[in-house]
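Report on one structure; see the data block that follows.
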Amino acid sequence: MTRTQYGSLRAGGLNWDSMPLKLFAGGNAKFWDPAGIDFSRDRADWESLTERERDYATRLCAQFIAGEESVTQDIQPFMSAMRAEGRLGDEMYLTQFAFEEAKHTQVFRLWLDAVGVSEDLHGYLDDLPAYREIFFDRLPDALGMLAADPSPAAQVRASVTYNHVVEGMLALTGYFAWHKICVDRGILPGMQELVHRIGDDERRHMAWGTFTCRRHVAADDANWSVFEARMNELIPIALRLTEEGFELYGDDTPFGLSLDEFMQYSADKGMRRFGTISSARGRPLAEIDLDYSPLQLEDTFAAEDRQALAATA
């Protein structure tokens, strides 16, 4: 691709109020260093857990760290798609996005090292076929497709896969599990801080995905059908992954976690995204760039979680 001009040199400069650059500024303001989290108490808490509890927590962590590594690698074609559209603000934000995913991979590995988990963990994914379908096939395929086809429809399919299902359902449900494990028992303070830091980053990631889908739906209503179809295709797989994780432990799930509660939680997070995207239908495209409702949705989810967890404490 031949470079012909610079977005940062255009008359008027960059629109710092646009959604992508608001997210970029937010990430800069909330920078954190994985090496700065204190995991010193987590080792003793880890050793106090039963073998079955450690097995569950290790499997949960394996899913997270493999997922973070996956998205660190798979996000690259989205940057190229933004460049092809001439959207420098989005491209700037996605460089930060990729950096944050790499930090998330780092911090989960640091935690595993701190609690003494050093064996090969691939086996923890073998009993989760829905996980393998999403992370081994659906995610890399959808994002990899952008290298050859950066069209709006392909971007919507990729964003649904990554931002709305992987992050917006699976990751949020996983954070909910960590909160139930750690906060209810007052254990693993390092993991608690880790989840807080990552969750803050990923609220911005999910908001960008929602913004991107809204932008394309506002520009062409046909993209609403693309969004609907992809969500309806992937939500059942995401819910099946939650079921598979519980089925491995029978009727005695460690930490007293409830399948029904987690299925309801995950489904709620998926279904409520439809309304935010559909609200962009027929909207003037110029309004979408300055509409911060995608970030407000993620903040609402976070506030609801804090309230629910406080009620059970």
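Any Cβ shown, glycine's included, is placed from N, Cα and C.
Under the heading Mn(2+) binding site, Swiss-Prot lists GLU68, GLU101, HIS104, citing similarity to another entry as support. In the three-state DSSP classification, GLU101 (Mn(2+) binding site) falls within a helix. A C-beta separation below 8 Å, combined with a sequence spacing of at least six in one chain, links GLU101 (Mn(2+) binding site) to GLU68, VAL71, THR72, ILE75.
For GLU101, GLU167, GLU202, HIS205, the entry in Swiss-Prot reads Fe cation binding site, with the evidence type similarity to another entry. Residues within less than 8 Å, Cβ to Cβ, of GLU202 (Fe cation binding site) and separated from it by at least 6 positions along the same chain comprise GLU167, ALA171. When secondary structure is read from DSSP and collapsed to three states, GLU202 (Fe cation binding site) falls in the helix class.
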List the residues in the vicinity of the Mn(2+) site, defined as same-chain residues other than GLU68, GLU101, HIS104 with C-beta within 8 angstroms of the site's C-beta centre. GLY67, GLU69, VAL71, THR72, GLU100, ALA102, LYS103, THR105, PHE108, ILE198
Rounding to whole Å, the Cα atoms of HIS104 (Mn(2+) binding site) and HIS205 (Fe cation binding site) are apart by 13
Inside 8 A of the center formed by the CB atoms of GLU101, GLU167, GLU202, HIS205, which other residues of the chain have their CB, for the recorded Fe cation site? VAL71, PHE97, GLU100, HIS104, TYR162, ASN163, ALA171, ILE198, ASP201, ARG204, MET206
